[in-house]
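Contents: one structure, followed by commentary.
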Amino acid sequence: MATAAIFSSLRRRRSPSLEAFLAPVDLTDVALVQTLAMISNDLVSKFSDKCFNFQRKNARSLIRKIEVFLVLLDYLKDSTSTTKATSASSSSSASSTLPSTALLCFKELYLLLYRSKILLHYCAKSSKLWLLLQNHSISGHFHDLNQEISTLLDVFPLKDVVELSDDVREQVELLQRQARRSRLFIDKNDDSLRIRFFNFLDVFEKGEVPNSEELRSFFVGSLGIRDAKSCRVEVEFLEEQIVNHEGDVEPTVSVLNGFVALTRYCRFLLFGFEEDEVGLGFGCLRRPRKGLITQEIADTFITVPKDFCCPISLDLMRDPVIISTGQTYERSSIARWMEEGHCNCPKTGQMLVHNRLVPNRALRSLIMQWCIAHGVTLDPPETMDVSTEGFAAAAPTRAALEANRATAAILIQQLANGPEGGMTVAAREIRLLAKTGKENRAFIAEAGAIPHLRKLLLSVNPVAQENSVTAMLNLSIYDKNKSRIMDEEGCLGSIVEVLRFGHTTEARENAAATLFSLSAVHDYKKRIADEGGAVEALAGLLRDGTPRGKKDAVTALFNLSTHTDNCVRMIEAGAVTALVGALGNEGVAEEAAGALALIVRQPVGAEAVGKEEMAVAGLIAMMRCGTPRGKENAVAALLELCRSGGTAATERVVKSPMLAGLLQTLLFTGTKRARRKAASLARVFQRCENAALHFGGLGVGYAFASNSAAANRDSSFAGDVSVPMSISVPVL
């Protein structure tokens, strides 16, 4: 927003950039005066009758000064135009009729007028609460402009401008004297309101709740915020300031979060659950998620910038570090890479000079800002010293937590006893609260939200259903809430019902993401798979869903496949067919290959995969074009298929074209796991009667790999399949 950017430069009391203001350099004196007169007239006409909620005296004083400039400019415009016309008719020289110093002053006035316009517009259009919080700062902006006007008038060669009449000259001289006497003015009434606003926050900081009548007097009586819509506008404006916050601006992000929480609490305490267009008029994920996010990102779920993702795990980095080659990775991922014995950079292949990991604080700061802007919760790694890192800047204060706790109590009461429209609004607000940190997720669940959200999962209202399942997803991210959801009678079944028959695509996708989140607990994987229709619905979403839906489904299926007792259930539900089909989809192929590698470890799974015509071809294609992890999973799946699928399956793999060359490539260039699996697969082929014909060219590569490869079959899950288990669950 250009206005905000320019006002930001004013706030920091720096000269405006050329991009923000460009003084005219090629205008004649007549054109310059006419332009200034037009700008001044526009300012006076637009703001002279404007009702300012705050900064009234400062704004009126500035407008009166501009009115005097307008009188001066109008007079000069008429006189210079007459002079030019006379000069032209007499064919004399068209030299400037104004002194050069006056022209320089008018060019400076051009900048001052535009800065005045921006400041007045800012005061007229900003939220009331934000103007209150910035009362001292904005008063300083007005004072800065007054001082610059005074300086300009001191320099302006009034005596040399002979065209002025006496009354105009007297008005300018009076303005000059007044500007010299101007002092910083802070309205006492405005400042007392600002102090009251901070006092309410202090009450929450003490663990208490402010008096409701005092809040009503402040918001309704003093500020004129009289309905839910106006209060919501105030909340959204404050959230926008958090997104655009700069480090040198008061209040801090943490304090602003407290004011957002306080204002949201008052929205429901004072105005209830009015069914405005936000409550019922949009799907919960089709509105721009600003805090939070732009429409483009809202329309495509959340697209994480590529530079923010770890090249190894492909997840959003929480603790980015730089290695000796200059590449950045997530600390846990690159540390695991090094622990496995790798001495090269995963991305470039360069040998590592040393194993030191240097924190990339600049990138971490950018990731934090992006997360705040898009409503993504990014808890700091446990190993990070949050007292010294930027994550602490956005840490919730006690005031924010207590205000959110009070808000949650009102929302849950509405979920329990309110009408359908009010319950829909309450579910939406719980969804928003549940994405702002583990503390909020904890006390929302502790207050009893989950049983009421469960009932709303089966609502015939698409918006209510979408809000409730997304709220359940956000709550499930907190580990202790997983057991609360699974222990709630009928809750798992209701989530599966949304997955199968949800009213909207968003609702079905978020139900799949919820199952993925819950399946992170090993004991729940069997329960989820045994829930009627769950695996079938995930398989269907993997086949026919949107890119985001496919991702939710394949990650959930991968988690379920890690439990050996789920193999038969997944085969019966058609998950194997869906996973084989997903091998050709770049966005989900890696996880699909990983799930298949686990399924084929059992003879019944190997038989099912072997019956799929495209299974072997799909895995071979992954070995050729997949990611490093994808290649690992593909060769692991083929190896397990040979081991568990019998002679027929082995023969199908052996006869696959290009396999010899791909194995040789993996033996030399693959990751440690991929090399180990490729070597084991080569040994399996040597025992086949066609090994000499099909793999005679493997000699050197095989010998090289066999020196460092383990010959025995790995018994651990991690050794067979390489898929990041820390796949981020987005908060919505």
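Positions of Cβ are set from backbone N, Cα and C atoms, glycine also.
Residue counts for the domain 'U-box' (303-377) by DSSP state, with H, G and I taken as helix and E and B as strand, are 25 helix, 12 strand, 38 coil. What TrEMBL lists as domain 'U-box' is 303-377.
The repeat 'ARM' feature in TrEMBL is assigned to 448-490 (among others).
DSSP labels the residues of the repeat 'ARM' (533-575) in these numbers: 36 helix, 0 strand, 7 coil. The repeat 'ARM' annotation in TrEMBL covers 533-575 (among others).
Taken through DSSP, the repeat 'ARM' (448-490) splits into 33 helix, 0 strand, 10 coil. Beyond its flanks by at least six residues, the repeat 'ARM' (533-575) meets 300-301, 496, 499-500, 505, 508-510, 512-513, 515-516, 519-520, 522, 525-526, 581-582, 585, 587-588, 591-592, 594-595, 598-599, 601-602, 604-605, 608, 717, 723, 727 of its own chain at Cβ-Cβ distances under 8 Å.
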